[in-house]
Amino acid sequence: MPKRTDIKKIMVIGSGPIVIGQAAEFDYAGTQACLALKEEGYEVVLVNSNPATIMTDKEIADRVYIEPLTTEFVSRILRKERPDALLPTLGGQTGLNLAMSLSETGILNELGVELLGTKLSAINQAEDREQFKALMKALKQPIPESDIVHSVEEALLFASQIGYPVIVRPAFTLGGTGGGICTNDIELEDITAKGLKLSPVNQCLIEKSIAGFKEIEYEVMRDSADNALVVCNMENFDPVGIHTGDSIVFAPSQTLSDYEHQLLRDASLKIIRALKIEGGCNVQLALDPNSFDYYVIEVNPRVSRSSALASKATGYPIAKIAAKIAIGLQLDEMINPITGKTYAMFEPALDYVVAKMPRFPFDKFESADRHLGTQMKATGEVMAIGRTIEESLLKACRSLEIGIYHNECKEFSLVDDQELLMKLIKAQDDRLFYLSEALKRGMTIDELSQLTKINPFFLDKLLHILEIERQLSLEKWQKWPLEHAKKYGFSDKKIAELWQASESDIRDFRIQHGIKPVYKMVDTCAAEFESQTPYYYSTYAFENESQASPNKSILVLGSGPIRIGQGIEFDYATVHSVKAIQAAGYEAIIMNSNPETVSTDFSISDKLYFEPLTVEDVMNVIDLERPEGVILQFGGQTAINLAEALDKANVPILGTQVRDLDRAENRQLFEKALHDINIPQPLGQTVTNEQEALQVARRIGFPVLVRPSYVIGGRAMQIVTQEEDLLTYMQSAVKVSSDQPVLIDSYILGQECEVDAISDGQDVLIPGIMEHIEAAGVHSGDSMAVYPPQNLSEDIIQTIIDYTKRLAINLNCKGMMNIQFVVKDKTVYVIEVNPRASRTVPFMSKVTGIPMAQVATKLILGSSLKELGYEDGLYQKSSLVHVKAPIFSFNKLSKVDSLLGPEMKSTGEVIGSDSSLEKALYKAFEASYMHVPDFGNIIFTISDDKKAESLRLAKGFSALGYRIFATSGTSDYFLQHQLKTQKIHKIGEQSDHILELMKSGKIQAVINTDSKNGMMNRDGQLIRSIANEQGIPLFTSLDTAKAMLRVLESRSFSIQSL
């Protein structure tokens, strides 16, 4: 069927900010879809609230709205644009839920807007647990024994009938949000209550647990003519019971017989056909390892995280094909862009093994509950490709960037046998490394399989890796064992450890003996047809399929897996850098390990290498390609951390040179640079042991800010107020040594602001100055940022411009740099300089109209700012006000304290733009799901040092008609100052205490600040935890609460008697 001509304009809904369970894969999918629709001649309108996306660039759609993804705002855009159709299936769970909501309001019918891709009935059948259960019964597809509940009492009754364990699955939620495995009544009460609260339709499925079965996924496509195919099948390393987003996953499935594969394939195709889905769909199934019995677990009637993985694993562009199916094209009418010959109806075939490994945030959140279950906790993932399971697994391990380069963790050898058993039975994020340790201690595959329910086949692969290690240890400096180990994915670094040599010694020996990787093409057809797409992975085999180009090329290093502190913003910068390289006449080569991102879409660069970002793997690509140079400054700290080793290997680093990178990152050199150009910074010093730390803190005075050097996202950064806390920090938070010094600075409580600057070595362009709403002490990534600044005097602005220029010139910056300032008593201090692109680049690019990463790349390649049409100094400011607001995923991470501080905790961001600060703030709060009504009840629980400041705030809320509740100390203070307050009991004082009030549903917001006192801290953490669980807007910074008050005041009318 030819494409539809009765529709001309299509609105695409994006997925909004990055949260756990919904990350960069939707930027990749949305970008592909918008470009595919434009390619077919449709007018595309995009709405998304996330500025850190390629999808929201002006070139991707005909009109782009970066507005809150709420029914209110999307309805306004629908009325303004009057599209013929709406495509919600590329916006994740957010897109689906929004489509449902818009349909319920009647606006789609009113405006005659058709829903494309997947009909509402299909969304309902897949997402509504009751309808899904009925459909599976009608299809005679087995599902676990289950019941739909709308109350905790119903859940308890059903569990008493079928027995524990049971799994709770809330309807219409993302990444298993609110769900979990329950083994008793107490757990079931708790998880069901949360699940019902988080489900937009107040519905949960309680099902008999089948934890321990194999978990298999099928990524399927279907068109309007009922043509359907399986793009990819995947098998989880972990059994059912651990969310697939938190599991290691292999593609294709490794342990299925042909009969089992056909059984599950047929079931998946039957389901997509019954749902009449037009586009992509993900089917998750559980297979009994001891029989042919299987169960259907879940169906996602949309493009998902697994779709992105399947696309990158096979090369089949699922989102692009899904978008074209939505406008009427059929699978047998579309050419597969990888081969350029076969049709999209042709099922991909793989002659390699893909491993996906999740990246967890527990290096940031040491207090978090690391146990894995049905609720997702990973922030990102890596993918690796090899010819064997062992090779792809070991490549994935060293892609994670968690300080390991093999499937082992050295510290685990110190764990006693009893603890090791517990770590194996109760799965955590690091179970893979405990499995390796258990095998080293002589545990058998059968024993481990019994304990973990992991298939013996996978455990045998781990044992094989161990056998290769032993062989290497016995036969040092021999060619055959080295070659054998490289074929199975061993890194030079691991071999160096086993041979007691340096990594460079192993590399030299390897090259001397002709042991080099070859690069194979990802072609969707197992080399049956010639492929046109230069998308490669390394392996140690015969025949290299990647030939170095005769044209001049530049290698750009990506930023690896998404984690807190280094997110999608860096991928945005990478993609823009590639565009500029190509525009300058060079071939652009990307190297990255993240399957979720736009940068690893094979159509973005001239060549894509899907490889770990380690010195060894990068040098292997450089040896083959011989690029003119390597660009590091868009790959976040991942790429910057490789600079020194690449420089030592005489690799040309383009942009700011390594010696100047070191002058910005090394504390003593940086202090000298600031001193030389007469720029003030907080008093501070580098220390290498506990005694030095105490001496420095005593000299500069408490409070102090302590942090390790060379980190991103403020990892392990703390404000310390007393000597005892400083010692605790030095002993537990960091590994301190002369190689890994700790920085101790005087903590200045002032107005924080930051600048992204672009320099050609002569002139310095400052696109704009961002002013933080929260005072210094809250990490810049967790602060709300306003552009243009609203409260900085002209003198302060001029000083910031002056200091930025001086720093850029002194540090010989070529390209981008980010500088953070704090202003106190009219003095501007420099807190930090990052000699690279920062996470604010997409935001500032969008609000100023300057394609910052492209401009910086052109400067790196030799252009000047003047040649590009830019002047030295501050760029003209925007007529609108723009607010960037952070997004957190605390509801997925139990036991993580949501109190904001110097260590970054946010996973994503949104933007609010309008003609005034109040309107922009309102949009930013709405986009970040911080909806506070015009009146209601608000709780204040405030530390002593903040009571005076909070009084003015409480009076403001009271004047608007809010009823003020406060814990005893705060209440007494408010009453002394004539503010009417309802006193509530602290935790444990009486039965009707603060937590019960919060669970009652009568509270509209909680304002909580904390002291460093241990008892207060525990109570405060519990209050914050309950607020997050109950979905109550929580403010832990008075500055953020003041911003919300300002919004509410701007929307209220004054009411006065005569």
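All residue numbers here begin at 1 and follow the chain in the order shown.
Backbone N, Cα and C atoms are what each Cβ position is placed from, and that goes for glycine too.
Over in Swiss-Prot, the protein carries these features:
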- 1-401: region 'Carboxyphosphate synthetic domain' (REGION)
- R129, R169, G175, G176, K208, I210, E215, G241, I242, H243, Q284, E298: ATP 1 binding site (BINDING)
- 133-327: domain 'ATP-grasp 1' (DOMAIN)
- Q284, E298: Mn(2+) 1 binding site (BINDING)
- Q284, E298: Mg(2+) 1 binding site (BINDING)
- E298, N300: Mg(2+) 2 binding site (BINDING)
- E298, N300: Mn(2+) 2 binding site (BINDING)
- 402-546: region 'Oligomerization domain' (REGION)
- 547-929: region 'Carbamoyl phosphate synthetic domain' (REGION)
- 671-861: domain 'ATP-grasp 2' (DOMAIN)
- R707, S746, I748, E752, G777, V778, H779, S780, Q820, E832: ATP 2 binding site (BINDING)
- Q820, E832: Mn(2+) 3 binding site (BINDING)
- Q820, E832: Mg(2+) 3 binding site (BINDING)
- E832, N834: Mn(2+) 4 binding site (BINDING)
- E832, N834: Mg(2+) 4 binding site (BINDING)
- 930-1058: region 'Allosteric domain' (REGION)
- 930-1058: domain 'MGS-like' (DOMAIN)
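Features as recorded by Swiss-Prot, highlighted on the structure.
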residue : record                : CB count, 10 Å
R129    : ATP 1 binding site    : 24
G175    : ATP 1 binding site    : 26
K208    : ATP 1 binding site    : 18
E215    : ATP 1 binding site    : 24
E298    : Mn(2+) 1 binding site : 19
N300    : Mg(2+) 2 binding site : 24
R707    : ATP 2 binding site    : 20
G777    : ATP 2 binding site    : 19
Q820    : ATP 2 binding site    : 19
N834    : Mn(2+) 4 binding site : 22
Using C-alpha atoms only, work out the spacing between G777 (ATP 2 binding site) and N834 (Mn(2+) 4 binding site) and round it to an integer in Å.
18
Which binding-site residues sit within 10 Å of N834 (Mn(2+) 4 binding site) - Cα, from Q284, E298, N300, R707, Q820:
Q820
Given the ATP 1 binding site residues R129, R169, G175, G176, K208, I210, E215, G241, I242, H243, Q284, E298 in the record, what is the largest Cα to Cα distance, rounded to whole Å?
20
Once near-sequence residues are set aside, which residues in the chain of Q284 (ATP 1 binding site), 6 or more away, have Cβ atoms under 8 Å from its Cβ?
E215, I216, E217, T244, V296, I297, E298, V299, N300
Cβ atoms within 10 Å, counted per site: which of I242, I748 has the most, among these binding-site residues?
I242
How many neighbouring Cβ atoms, not counting its own, are there within 10 Å of the Cβ of H779 (ATP 2 binding site)?
22
Where R129 (ATP 1 binding site) falls in three-state DSSP terms:
helix
For the region 'Allosteric domain' (930-1058), what's the mean pLDDT in this predicted model?
87
Work through the binding-site residues one by one (R129, K208, I242, E832) and name whichever has its CA nearest to the CA of I748 (ATP 2 binding site).
E832
The region 'Oligomerization domain' (402-546): DSSP-derived helix, strand, coil residue counts:
77 helix, 11 strand, 57 coil
Sequence-distant neighbours of E832 (Mn(2+) 3 binding site) in its chain (C-beta under 8 A, six or more apart):
I819, Q820
Of the residues named as ATP 2 binders, R707, S746, I748, E752, G777, V778, H779, S780, Q820, E832, how far apart in Å are the Cα atoms of the most distant pair?
18
Taking just the CA atoms, what is the gap between R129 (ATP 1 binding site) and H779 (ATP 2 binding site) in Å?
40
Secondary structure of G175 (ATP 1 binding site) (DSSP, helix/strand/coil):
coil
Three-state secondary structure, which DSSP defines for N300 (Mg(2+) 2 binding site):
strand
